[in-house]
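Per TrEMBL, the features are as follows:
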type: DOMAIN; residues: 1-110; note: domain 'NADH:quinone oxidoreductase/Mrp antiporter transmembrane'
type: TRANSMEM; residues: 21-43; note: transmembrane segment
type: TRANSMEM; residues: 63-85; note: transmembrane segment
type: TRANSMEM; residues: 97-122; note: transmembrane segment
type: DOMAIN; residues: 111-163; note: domain 'NADH dehydrogenase subunit 2 C-terminal'
type: TRANSMEM; residues: 142-164; note: transmembrane segment
Amino acid sequence: AFSSINHLGWMLSSLMISESIWLIYFFFYSFLSFVLTFMFNIFKLFHLNQLFSWFVNSKILKFTLFMNFLSLGGLPPFLGFLPKWLVIQQLTLCNQYFMLTLMMMSTLITLFFYLRICYSAFMMNYFENNWIMKMNMNSINYNMYMIMTFFSIFGLFLISLFYFMF
């Protein structure tokens, strides 16, 4: 909920600047939200405690899940930073420094919560059988999730590569 409120502020400020930047921001936010929602749907995750105990045996899935969280939060090496970067550039060109400072501070608060969740998930390695864990995953869904995760994690690098090539 806090992340959605934060992204809503970024989208409103991008809408204030330009409708095309708002569409770009909305597209990237929708894609990143879809990746996480798709993951939660595949594994039938409904509570935060399930995130800690679900992927005890599969460190790769745990890593990709939390990298998607950080991408959604807008951490700079990931794809989620690109739309924020565009808004930061446009707000700087429009001399909206106060709004830019408020937006970046709110993003830092959101990233703090995401990093705290990621740290807890990686450092506390406990296994509880409180949840019925049934790995009923179809390979098509798994492959689709991994492809979307690849673009979520390495998308900024790919876009930079295409920018420098052309």
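Cβ atoms are placed via backbone N, Cα and C, with glycine included.
Heads up, TrEMBL stuff is auto-annotated, nobody curated it.
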Quiz item: Is the transmembrane segment (142-164) packed against any residues at least 6 beyond its ends, judged by a Cβ distance under 8 Å, and which are they?
Solution: 31-32, 34-35, 38-39, 42, 64, 67-68, 71, 76-82
Exercise. Just give the helix, strand and coil counts over the domain 'NADH:quinone oxidoreductase/Mrp antiporter transmembrane' (1-110), going by DSSP.
Key: 90 helix, 0 strand, 20 coil
